[in-house]
Amino acid sequence: MFSDMGHNWKQYRQEDSIGSFSGNSNADSVVQYKLQQPAMARFLRLIPLDWNPSGRIGLRLEAYGCPYSSDVVSFDGSSCLLYRLTAGSRRTSTSVVTLKFKTMRNSGTILQVKRSDGLSLNLELERGKLLLLLRRGRTLSTETRHLASLGSLLDDQHWHHVTLELHSLHVNLTVDKLTKRVQIPTELHHLDIDELSFGAVESLLQKTIISSRNFHGCLENLQFNGLNLLELAKVNDHRVAAVGNLTFSCVEPNSVAVTFSDPHSFLQLPWATASSSEGASVEFQFRTWNKAGLLLTFDLPQQGGVVWFYLSEARLKLHIQKGEKVLLELSAGSALSDGQWHSVELNSRRGHLSISVDKEEGGSAQASPSFPVAVESQLFFGGCPTEDRQESKDHLDTFYGCMRSITLDTNIVDLILVQQRQLGNYSNLQIDMCGIIDRCSPSRCEHGGCCSQSWTNFHCNCSDSGYSGATCHSSVHEPSCEAYKHNGNTSGYFYIDVDGSGPIKPQLVYCNMTETDTWMILQHNNTELTRIRPSPGVDQLSVHFGYLSEEEQLLTAISQSEHCEQELSYHCRKSRLHNTSEGSPFSWWLGGPGSGRVHTHWGGAHPDSQQCSCGLQGDCVDPQLFCNCDADGTEWSEDSGLLTHKESLPVRALVLGDVQRPGSEAAYRVGPVHCYGDKNFWNAASFDKQTSYLHFPTFHGELSADISFLFKTTTSSGVFLENLGIKDFIRIELSSSTWVVFSFDVGNGPLEVKVESRVPLDDGRWHRVRAERNIKEASLQLDDLPVATQQAPTDGHVHLQLNSQLFIGGTASRQGGFRGCIRSLKLNGATLDLEERAKITPGVRPGCPGHCSSYGPLCQNQGRCVEKPSGFSCDCSSSAYTGIFCQTELSGSFKAGTSIRYSFKDPYEWSRNSSHLPSSIYSDSTPRGENISLSFRTTQSPALLLYISSFYRGHVALLINKHDKLEVRYKLDSSRDAEVLRSGVRGMANGHLHSVSIRRQTHTVSMQVDQNARENFNLTSDGEFNAIKSLVLGRVYESDDLDPHLTRVASLGFTGCLSVVQFNSINPLKAALLHPDSSPVVITGPLAQSNCGSPASANPYTMETTHHLSDQSDSVGSGQPLVNAFRTDSALIGGVIAVVIFVIVSALAVTARYLYHRKDTYRNQEGKQVKQEDSPDFPFNNQMDSQNRSTESTKEYFI
């Protein structure tokens, strides 16, 4: 411990732990320690923690220090010290004020840097913290702006060092060893300092001191730009003036505090007042972080009961109890666990009892008990002796905190006498010091986490921060759309965190997950085709684009992607881009980091080429020019294409020049940024031998470290990662086929966190490891297993100090290395480039093939996983589903006249003509059995769902009979009647979604409806269903081979929804909806793609959302575009809006009438596209970028 006046001691701390030293073990040896942090003190105090068991008690000590000079001044709350600058010394590029202060008050103005116009920068204590404030004015209604806050518990009566550096554009504020840089408001740029005021807020001329905001305490070594102001004050320099009673020494009250830091701590004081039977008066001050704890207890005279004075939920409570009976309860105050000093008074006189907090400012309570409240003999503060602990109130927590200024009936208790065992008794107390520590200053909670604390620990509330863990260090979001896809997600909005635990915030983006690539879409404020309206007198039009992502988010997302592109289109009529006489362009754009660099090439051309896409392809309107618009034609033309060089993305602004000439018209479109691929996600290395490894620079994770990676192996053990220091280390290893171990040492001894897997980890599949270590705990997670944690020791060492190289896949000893693959290795959010290092390292190969063993289960519904160099894809050709994971149902909405006829022909002919098509469209027409599955929803009965015919007049039919049950009719032998198999499940036409699965193997048929038990049937005929001719969904128009009953049902058609229809390996509904032109299907009547496969109980025809095939037109008409226009004339705006509204309403009416007449018209495969009507004026439509059209339903995820 150390002190500058022989009392009010302070514990020396190393890092965040109590400093302790090992002494010599014999009479001759010398042990020398160099303090990590200097201590300014006149007194040292050593507390023996242990004795040498084989030696004698003794101490030889020599302290080494440095010369130190001190000039001190005391302020009593009604005084101040002023320094006026001369005219020549006011303007400097940098001004520096340094000082030290100590005080017992938690508020007061220490420094005011003033300007002549009343503007000032103030350093003020507020609740024990030092605030940097900007004030304007000199009255109580002064306008105040908070700029910064530093430090905590600065009212501890110890010296604190402050430095204020004033620069032209910013301020550096240092309190002890914490520094904060603050950008100052523009009105303070090039601050001309007129006066410095210490200790008060008023100037020398006003003479009035506002005591409530003034400083009580001592200042030491006041310096301004190296000038010692206290020396000038002592010699009465004219630049320095004193107001009030200043003393050039540190005069401070001798206050003795005690610290309750142990569960067994208590202070016992005798009640020595003669008039104890008439009442009692007890006063004291306390400070704590805990919301609960026993402050005081004593017995009433003559066994009248026990008084409990305690904190509960940060409120002060008084509880008087006799046996099991509660005699009295009072409460006062709130939020008393804030670490500030609070005064408490308990008074009992003449039948009146009162308690108050902070001189009644914090609350009070009174009562008039019918019994006297007095002290029998002893008072216990903070706890009870061990022998009395069983009798204490069971639910009361131990008090952890400090107390001082204990007064018993106006008699101040001398706690030094208690320390000397001359008064009362105590246990486990630290006397003449307050050992409170603010564990939230500085806050160890990262990423905006909210810090709260108790006496022994702190807690981080990470809600709404996007991060998790004990210190809000690890991101809860994935780093890219690619990572979300490989978690099994489909297209939608996601938060991505491009640097994991780094400083860049998560951003919300749209992930468009297609069957080939996973696109991330970064939007800006105007992606529409926008018409240019020239402004009079303006030769150039500048358009700037604001992106929804912040700068760092945007640039990092682009740099980490494999490929990025952005559409840039210019539509023109007599508006040129480049074709000037002197060669300089009319128009250009700015792109890249910051405000962007000037670029003169346009979409589809090479950088710096000053060309457009047509110039590169050689098909411009004028072959002598490099852009279509440079032809300066009177007809509408365009130059458009994709910008694909990531260094020039995103587009920041357009500068358009040739728009002022008569007849000039133009429009532009800058699409969103589209990126696919995550270079970090697939960055991998393969380790062939246990002696092979990769090495990288030392890992720096002193206070917080997170490590994540994926691995796969066929060996049972190996070290993934290791980094050593002199004594500290960090290591992650596979210790056996089911155990992963995270071990480290930060100076408190080795610690381990282990996770056991339920399945072997040497299975050749990818497994994910996440390890984190911070000053509170260490954690380890394997795959989706529960997180294992290991708490850090209280008041232990916290800094991880490493100095060797970081080894990946091996160790410094070259033993126990890892054989297998490591992928996507991130340390504190930064990805290590394993592939580049592996290219130059023997025994290690870049990349790692084989992903389907891990990600194959993502392919659903008979989809097949296909390996790719970086990742995988799902082949849905054999599935009735579609989508990136074959998870999207294909459903069709049928009307009474709708029919889908799927034709089977000779297999050789089909394989010859259509070998490029998937097997789900062409297959064997002579199966030995059938597997039929489909889902449906309808209110029609009877109804034919599916009909399959053969060239030999056989058939299979699935229908709903008039009793709302399913029937399967088999006619395998043309010479015999059809056999009818009826299900026992009712209610098939109730409008709900139902599924059916039918299997036949020779004469055995089984059928399952919904989740009901499978029903088995036997056919009497053993014939094969040979030479299949066709499969029909819906109405059967060719009914020559049908019996009368089936003919009648087939003529009714089917009204409702069919979904995921599969016959063996054939998917007829999928072929009709997705491949109507290239598959052997004939569609008759209206057919609409629908979501009717989704569970619903309502009417399927009113609830379904349909997308008619006739609406899926890819043709682009000509005519004037629908654009956003810049308009400056207000009259023109009104007129144009009126005309546009009239035209739109008229067009909608005509379109509605036209669509109404077309709604139920006949549609077959010859008429599958609708050509848009041409508009004669402007030939460009406002098309959205094709990559922005998600093939998946849009979902929003907040993860």
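Cβ atoms here come from the backbone N, Cα and C positions, even for glycine.
Predicted automatically and left uncurated, TrEMBL annotations should be read as such.
Of the listed residues CYS821, CYS859, CYS865, CYS874, CYS821 is the one TrEMBL pairs with CYS848, by disulfide bond. Remote same-chain partners of the domain 'EGF-like' (849-887), defined as residues 6 or more beyond its termini with a Cβ less than 8 Å from a stretch Cβ, comprise 482, 485-486, 488, 490, 513-516, 677, 682, 712, 764-766, 918-920, 933, 1060-1062, 1065, 1067, 1069-1070, 1074, 1191-1192.
Computed over the domain 'Fibrinogen C-terminal' (472-524), the whole-number mean pLDDT of the model equals 93. Using a 10 Å radius centred on the Cβ of CYS821 (disulfide bond) and all shown protein chains, the other Cβ atoms total 22. Secondary structure of the domain 'EGF-like' (436-473) per DSSP, as helix, strand and coil residue counts: 0 helix, 10 strand, 28 coil. According to DSSP, the secondary structure content of the domain 'F5/8 type C' (1-66) in residues is 0 helix, 9 strand, 57 coil. For CYS848 (disulfide bond), the number of other Cβ atoms no farther than 10 Å from its own Cβ, over all displayed protein chains, is 23.
Residues of the domain 'EGF-like' (849-887) grouped by DSSP class, helix first, strand second and coil last, total 7 helix, 11 strand, 21 coil.
Counted over residue pairs 6 or more apart, the CB atoms of the domain 'F5/8 type C' (1-66) and the domain 'EGF-like' (436-473) come under 8 Å in fewer than three pairs, which marks the two as apart. Across 72-250, 256-434, 683-848, stretch 683-848 shows the highest tally of CB pairs under 8 A with the domain 'Fibrinogen C-terminal' (472-524).
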